Amino acid sequence: MNSEPKPGLAMSSHFMGTDNQDQYKGTYAMNRLSIANLLNSPSSTLPTGNDFQNFGLERQINEGVLPQLLQNPWAINFWLQFQNAQLQPHLQYAALACSLVTENPLDLSNKTMNMLQKIGVFNSVTKSEDDESVAPEKPVDESLNKSNILRRNYTVEDLTQAVEDIRQGKLGTRRASVVYGIPRSTLRNKIYKLEAEGAIPSKVRRGKIAARRAEAEQKRCVEATAAAALLDAFGNQSDSSSSSPHASMCPSSPDSTNSSLEGTGETPEMSDKKSCSPLDPKWLESIWQNLFKTQGNVVPVDSANISNVDTHTPTPISEKSQKMHGNEEWKRSRPKRGQYRKYDKNALDEAVRSVRRGEMTVHRAGSFFGVPHSTLEYKVKERNLMRKKKDCLYSHDSSTSEDGSQLVTSTISEKSDSSSHTSTPIPFPISLV
């Protein structure tokens, strides 16, 4: 009994042999690896034949080791010490993490990670993160350029082509942004910038405006000359009436015309040739209409005079007949519209009366009398508003009439009072001496 060792005594005299220790460590490591593999392996996979063999070997080893542990209590103590040595870092990390969380629950600084890194549990993880953080940083400009390149889906050539198309009037900003894939704001900013930098667009615009004005003046002069020629051909208007439109349309003296011809290097013959150019039929048609309006009826025309004016211009009667024929064809080809106002005015009045009396609703009266509901509702509202206005006017007139009658009665009463005062004789005492 005394020879048995006590479990509480020191283990100095009861160390296991080196072979037993190595065997125990090997089995322990194999058990830990198998548990880790089981935890890491997905649940859906089934164990293979090799796994069954490994399980069998581990079972045999455990069956061989467990009796030794039960027979030798010092082996159990060594096993517990080994487990504590393996779990000590994890326990320290858990205690430190709990203390940090309880002290500073919202501390997101690097202090906590530095404290945790003092323990050698996460050294590998921190080393890998440090290696990634030490990677050479790229300059900021390159990152910005990359972001700009990713944003831009167009080239500089597309931008210039789009701006040219917008300037020439081929495309608008909206259509150009869709065709070239450029934002509309970018196109606008580019156009504004180019207009602010160079004065070429303003000069071009001024030249276009001047050219348009010159064309308009030339058209007016041609109209005036055609009108004067037609009036001379008819002979119904006086010279003053024929010269006045010419002067009003082309206010230019002969001296000014000669100077202008000399400045441009043209001769009067060339200008006469230009003025005798074939006229536009639209202008002639407008002139004919104005002449017929002034004269009232159709005037007989000399064929010789009109042929002298212009042999290629068609007669107004033929033009009008062609126009009327074209209008008739257009009217025939046009699809027939829907018939509006199929209801009668009396039906509308009856429907309005029935709605205002409360006999029917708007919907029922409209369907009964064949009147659109919107029209009926509008008419009922209009009648109600008119009645309100009439009531207001009547009340105002009645109030004014009552006020006037009160004033008249008050003045009459005042006059009667004054007359009564004046008519009553004042008694004076008469003394007879």
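Including glycine, each Cβ sits where the backbone N, Cα and C put it.
Here Swiss-Prot flags 173-193 (among others) as DNA-binding region, drawing on sequence analysis. Residues 153-154, 158-159, 161-163, 165-167 of the same chain, all 6+ positions outside the DNA-binding region (173-193), place their C-beta atoms under 8 angstroms from a C-beta of that stretch.
Per Swiss-Prot, DNA-binding region is recorded for 362-382 (among others). Here the DNA-binding region (362-382) is broken down by DSSP into helix, strand and coil counts: 18 helix, 0 strand, 3 coil.
Per Swiss-Prot, the feature compositional bias 'Low complexity' maps to 235-254 (among others).
The annotation compositional bias 'Polar residues' is assigned in Swiss-Prot to 304-319 (among others).
According to Swiss-Prot, the compositional bias 'Basic and acidic residues' annotation covers 320-332.
The compositional bias 'Polar residues' annotation in Swiss-Prot covers 396-408 (among others).
Summarising the annotation, Swiss-Prot assigns compositional bias 'Low complexity' to 409-424 (among others).
For the domain 'HTH psq-type 1' (145-197), the model's pLDDT averages out at 83. Annotation source Swiss-Prot lists domain 'HTH psq-type 1' at 145-197, citing sequence analysis.
The domain 'HTH psq-type 2' feature in Swiss-Prot is assigned to 334-386.
The annotation region 'Disordered' is assigned in Swiss-Prot to 235-278 (among others).
As annotated by Swiss-Prot, region 'Disordered' applies to 304-338 (among others).
The region 'Disordered' annotation in Swiss-Prot covers 393-433 (among others).
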